Ligand code: DC
């Protein structure tokens, strides 16, 4: 199905390990829309903090470093561009060190304000865009065309993450599930922009849906929101 009639913003929020990124990219491609991975921006900010040698728990120092960093992300659905001060960090932002420290960096209000401003500017430049994150429907784009909150049972999320990382033992999978719960807890309980569904978000549970099923559902929601279904 070609779905190029879509104009507007689709927000895709939810915890980690739901397959959000691959679903968001695929939905953007199907809709002929741009794609913005806001998690990549918080991860890039974390690279700047680690390289500056400051403690990620020191909110003041973190805010100062991130204010001075040039964080750039691309918005094409088929390529990933993430740079900090002109250096390509697309691979590094997925590493364990960044993953361990990104929750602390993303909890700093000044960092959030800076990156949210940048996110809104990137969204304003696109006719159609799928934006992925934690607070997109609640804070960044409260007037978005369609809001989706993607969730899945922690065990299903741990299984998927394990498959990506090539881990197979029950202990390893239990460790991943514990790690996901810890990050969710941190992201959901922080004071600034906690992870939660917007009141007008459609909650999609992907525990028993494959990726294509989730993408179909999002594309359908986007098209029906703009009345483009008949044209698709
Ligand atoms: O989606 P991700 O795993 O790449 O996100 C990395 C971290 O950034 C995650 O701990 C939550 C945080 N984040 C956020 O606070 N707000 C967003 N809009 C996106 C991500």
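Every residue gets a Cβ built from N, Cα and C, even glycine.
Features of the protein shown, as given by TrEMBL:
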- 14, 15, 16, 17, 18, 19, 20, 21, 22: ATP binding site (BINDING)
- 10-222: domain 'Cytidylate kinase' (DOMAIN)
- 1-21: region 'Disordered' (REGION)
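Distant neighbours of the region 'Disordered' (1-21): 27, 30-33, 37, 39, 123, 127-138, 140-141, 144-152, 154, 157-158, 160-161, 180, 183-184, 187-188, 195, 197-198, 201, 206, 211, 214, 218-219, 221-223, 225-226, 228, 231-232; these residues of the same chain sit at least 6 beyond its ends, with a Cβ under 8 Å from one of its Cβ atoms. Looking only at the domain 'Cytidylate kinase' (10-222), the predicted model's pLDDT averages out at 94. Checking the binding-site residues 16, 18, 22 against ligand 1, the ones with a C-beta less than 6 Å from an atom of that molecule are 16. Residues in the region 'Disordered' (1-21) partition by DSSP class (helix H, G, I; strand E, B; coil) as 2 helix, 6 strand, 13 coil.
On its own chain, residue 16 (ATP binding site) has 157, 180, 183, 184 as residues at least 6 apart in sequence with a Cβ closer than 8 Å to its own Cβ. Long-range Cβ contacts of residue 22 (ATP binding site) within its own chain (separation 6+, distance under 8 Å): 211. Note: the ATP site is recorded as 14, 15, 16, 17, 18, 19, 20, 21, 22; in the same chain, 23, 150, 152, 157 also have Cβ atoms within 8 Å of that site's Cβ centroid.
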